[in-house]
Amino acid sequence: MSKQFNVPPVIFPSGPGGDSGGPSSAAQRHPMPPFQPRPAATNPIPFMSFDVGSVAQSASFSAPQLGPTITSANPNFDDEPPLLEELGINTKHIWSKTISILNPLRPNPNLQSDADLSGPFLFFLAFGLFQLLAGKFHFGILLGWATISAVFLYIVFNMLAGRNGGLDLYRCLSLIGYSMLPMVILSALSLFVPQGGPVILVIAAAFVVWSTRVCARLLVEAASWNEHPGLVAYACFLIYTLFSLLVIF
Amino acid sequence: MYNNVRKQAGMPRPPTNSQPNSFGNALYGTGSGLVGSGLGAYGEKLLGSSSEYVHSNVSRYFSDPQHYFQVNDHYVRNKLKVVLFPFLHKGHWTRTSEPVEGRLSYKPPIYDINAPDLYIPFMAFGTYVVLAGFSLGLQGKFSPEALNWLFIKGLLGWFLQVTLLKVTLLSLGSGEAPLLDVVAYAGYAFTGMCLAVLGSVIWGYSYYFLMPLTCLCMGIFLVRTMKRVLFAEVRSCDSSKLHYLLLCIALAQFPFFLWLGNIC
């Protein structure tokens, strides 16, 4: 379904003064009232001003929608990297990180060495969607609580670790987000269990412990500081208990 | 500089802030500490390029926060025992001091059970918020907005407790205890409150005797601690005023706990 449109190229005649002397000479020669289109003769405005190579070819104005038919106008379009790669979302990596978290006993810390936020974003979105299925609209709450808990954990961890603490806020948020996976599973499970009963409490306790283990293990490895894991684990425990309250009640 | 002048003006008393060098190290040595770099950057921006001037002025209000996080498991466990059951503490209540660079300063919490720390208050506050949310949920009144309100109420309560202690210090001595010390002492109240809320979660009626018990314990703890802090500062022998103020602090714990601990 590729139609060929014969679009005549629109060419603005360049004025005698050229670009550099355009505005000032215009002001001298024609004191024009504002908001009136200036005569194109004095100042040809290039439409694709961000694409330096194609100022004159205004056919590029309509080129991107037509695809490869007019390639000379916008030479970089074919060579552009795919969207996900440009955004930095490495889906294979996200998947492998997710799989490693599913192992509650031994998460693989090397995978987490490069932090990214797209996995956590997906997890929070899934968490919010499962909550929505349960009739609770918590997206804003999730955003706020995730931010506050990340800042809290960042402060506590860096203060505890002292000089050896190499944790930055981005990685902290990334680790908290990845360790939310058990919480997402919990919220999915809670759809099938009566709300507020003892069953969901027991299940939630198990999942919170899972999340805490993973998060504490990953934190300690990420910042390469291993001295008081219990103290850091308690902070993670508080955070995940907070999120589990959203699920249980 | 300014610190030395102020120090020589008074009797030996707890230093207002840590040595500028350690604070400087904390500022510029901590890898990516938000607080350290934030304070440092803010100070530089405000007060110009002279780092000594920056340190002395910024550290006048905030002693080195890292000092309060030097804890370990052993300290945390024992300190919790001291805070929750102060009448069982057999040792003395004074902080051990060590001379560092010619000025008297106190040992960090890891070496001294009587030193205040900020880890326990932070964790106790978080535990209080979580437990209170849990208790609300068991009563069927949970909503995330309610939890947010609890958080803000808790912060407000902490702030009020800090002002109470600080006003006491100011009215008696010159109020030279570091601000973070006072914040830590005020935050210890949340441990007792956590215990009371936990009791109310487990069995409803236990709240009615756990609450006065924890109030009393917190009162005793604060009285003993403030007495030590004030004794180091009070110049004239105004002991009756001192005792009335200490009693006031202990009594003020009751409405404070009632306000924050009554989750219903």
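The first residue you see is number 1, and the count goes up from there.
For all residues, glycine too, the Cβ spot is worked out from N, Cα and C.
TrEMBL lists B:1-23 with the feature region 'Disordered'.
Listed as Cβ neighbours of the transmembrane segment (B:118-138) (distance under 8 Å, sequence separation of 6 or more from its ends, same chain) are residues 65, 68-69, 71, 76, 79-80, 83, 146-147, 150-151, 154, 158, 180, 183-184, 186-188, 190-191, 193-194, 197-198, 200-201, 260, 263. Annotation comment: TrEMBL describes B:118-138 (among others) as transmembrane segment.
The transmembrane segment feature in TrEMBL is assigned to B:150-172 (among others). Tertiary proximity for the transmembrane segment (B:150-172) is limited to same-chain residues at least six positions away from its ends with a CB under 8 Å from its CB atoms, namely 121, 125, 128-129, 132-133, 136, 179, 182-183, 185-187, 189-190, 222, 226, 229-230, 233-234, 238, 241-242, 245-246, 248-249, 252, 256, 259-260, 263.
Listed by sequence, the residues of this chain that lie at least six past the ends of the transmembrane segment (B:205-223) yet keep a Cβ under 8 A from its Cβ atoms are 82-87, 165, 185, 188-189, 192-193, 195-196, 199, 246-247, 249-251, 253-254, 257-258, 261. Annotation comment: TrEMBL describes B:205-223 (among others) as transmembrane segment.
Taking Cβ pairs closer than 8 Å, the transmembrane segment (B:244-261) reaches residues 128, 153-154, 157, 160-161, 164-165, 168, 171-172, 189, 192-193, 196-197, 207, 211-212, 214-215, 218-220, 222-223, 226-227 in its own chain, all 6 or more past its ends. According to TrEMBL, the feature transmembrane segment maps to B:244-261 (among others).
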